[in-house]
Amino acid sequence: MFGSLVDAPANSPHLRRSGSRAVVSDIGTVELGGSPVEALLHNIEVNEMKGVTTPLSTAAIMPSPVLLWRFKVLLFLIWGVSCCKISWDSVMRMSANLRDLFLYEAFLYYNPLLLMTMMVWFWGINLWVFAQANVNYAKIFDIDQNHLSHREIWKCATWMTMIVPTSMTAYLYLYSHGEVSLAASQPVLLYAAFAMALIFPFDIFYLSSRYFFLRTVWRIVFPFQAISFADFFLADIFTSMSKVFSDLERSVCRMVHRQVATIAWFEADSVCGSHAVAIPIVLVLPYLFRLFQCLRQYKDTREKTTLLNALKYSTAVPVIFLSALKYHVFPDNWVNIYRPLWLLSGVVNSLYSFYWDLTRDWDLSCFTRIFKFSRPNALSYLLYGRKWVYFWVIGTNLILRCTWTYKLSSHLRHNYLTVFAITALEIFRRFQWAFFRVENEWNKMNSKQNIQLSTIDKPNDEQKLLDPNGYSV
């Protein structure tokens with residue numbers, strides 16, 4: 001009858017695209033011989049014949065990862081150029097006599113967060129190398145298997161890289177256009193957002209990792225328990241960021257006293273000025289925390305090397321406080337007495353720390369083994385077993401240990417660009433140090449396991465008498 005459906009054979013050309021193989025054995029059934037694209041088009045055609053609408057699958061409409069990556073890079077470049085252009089135009093709007101002072105203030109608020117962002121990027125690289133070299137850093141730091149990977153660390157660093165310069169650009173733009181109150185709110189909101197993201201108690205934004213970090217910081221400040229590797233590893237990183245903490249303290253001080261985007265802090269003797277007593281106190285705190293950790297280790301282990309390590313951290317105290325004395329003594333006394341003592345203490349601290357890195361923190365007998373990756377890699381080929389890595393790391397460690405004294409000296413901090421560069425280089429030195437410190441700890445753990453296994457496998461005298469041939473009985 002007219003209008004009735006006629007059964008089509010399985011190989012009917014009306015049910016497949018021209019030039020393709022037969023892919024239909026029944027209405028709506030696809031054989032394995034067709035490609036996924038042909039199968040998708042066939043299902044759409046068949047469903048249209050049946051009057052059914054089929055949405056495209058997610059895989060079919062999603063762009064390729066390469067295209068997404070290029071689009072993200074393009075957006076990042078547009079954002080970077082826009083921030084640079086707006087910041088430059090904003091600075092050029094100011095008068096020449098206020099420009100340097102204003103930039104110094106803006107730099108104070110944002111350089112600590114920029115350096116923290118740099119540290120997070122470097123830590124992601126550390127974790128990536130550990131993963132490539134099959135170093136079980138989760139076991140070394142005693143963390144669970146839900147810890148952040150290098151990809152998640154880099155994701156956090158990416159957001160920090162975008163948020164901090166954006167806030168700084170807004171600060172410069174608003175201040176240069178006369179919106180002083182709105183400009184003053186920018187660093188305040190940024191610091192509050194970072195603090196909330198760190199202490200937010202709900203199960204979002206990597207709660208377990210944030211809890212582990214905060215718990216470790218608590219153990220560093222109050223070393224009432226046995227010191228773990230994660231405790232003194234993070235405490236050592238804090239010593240490299242003492243200048244960052246000092247700038248954070250001064251920034252928060254100005255926010256609390258409502259001195260942001262004002263000239264009240266220009267007076268050096270003010271509560272938040274460059275002569276404040278809080279500056280050397282905050283600078284010395286990370287070294288005191290590490291000193292107390294060494295004393296706690298000596299109490300637990302009775303190893304004399306921990307006392308020598310404590311002595312190393314105590315050598316930073318004279319460097320910091322002798323430098324701060326410049327603003328509180330007569331100029332003649334500073335030149336004739338205190339400055340020579342400051343230089344001497346700086347040399348002692350730098351050389352002692354350099355010696356300890358080479359002889360205690362690192363194991364030069366297995367140097368660069370951390371760069372032996374499980375899969376072929378250009379970086380592994382460049383670094384693993386190369387002698388130039390020895391000379392580079394040892395040489396840069398000595399040079400940056402000496403220049404680090406510059407950062408600890410509060411009477412030199414008015415050269416803020418120089419101090420920023422030296423602080424960034426110190427963070428880079430600590431980034432290098434982390435590879436070989438973790439490598440040394442990983443080798444110690446493996447050697448202990450091998451000794452324990454050899455002790456278990458070695459038969460005692462009674463077993464040898466019962467089984468002289470060495471067979472299981």
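From the backbone N, Cα and C atoms, a Cβ is placed for every residue, glycine too.
The domain 'EXS' annotation in TrEMBL covers 270-470. The annotation transmembrane segment is assigned in TrEMBL to 67-88, 108-131, 188-208, 220-242, 262-289.
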So if I exclude everything within five residues of the ends of the transmembrane segment (67-88), which remaining residues of that chain have a CB under 8 angstroms from its CBs? That is, six or more out. 162, 165-166, 168-169, 172-173
Looking at the domain 'EXS' (270-470) alone, can you tell me the average pLDDT? 81
Mind checking which residues of the chain, 6+ beyond the ends of the transmembrane segment (220-242), have their Cβ under 8 Å from one of its Cβ atoms? 115-116, 119, 140-143, 282-287, 289-290, 292-293, 296-297, 300, 313, 316, 404, 407-408, 423, 426-427, 429-430, 433-434, 437-438, 441
Using Cβ atoms and a strict cutoff of less than 8 Å, what residues sit near the transmembrane segment (188-208) while being 6 or more residues removed from its termini? 113, 144, 146-148, 152, 156, 163-164, 167, 214, 251-252, 255, 260
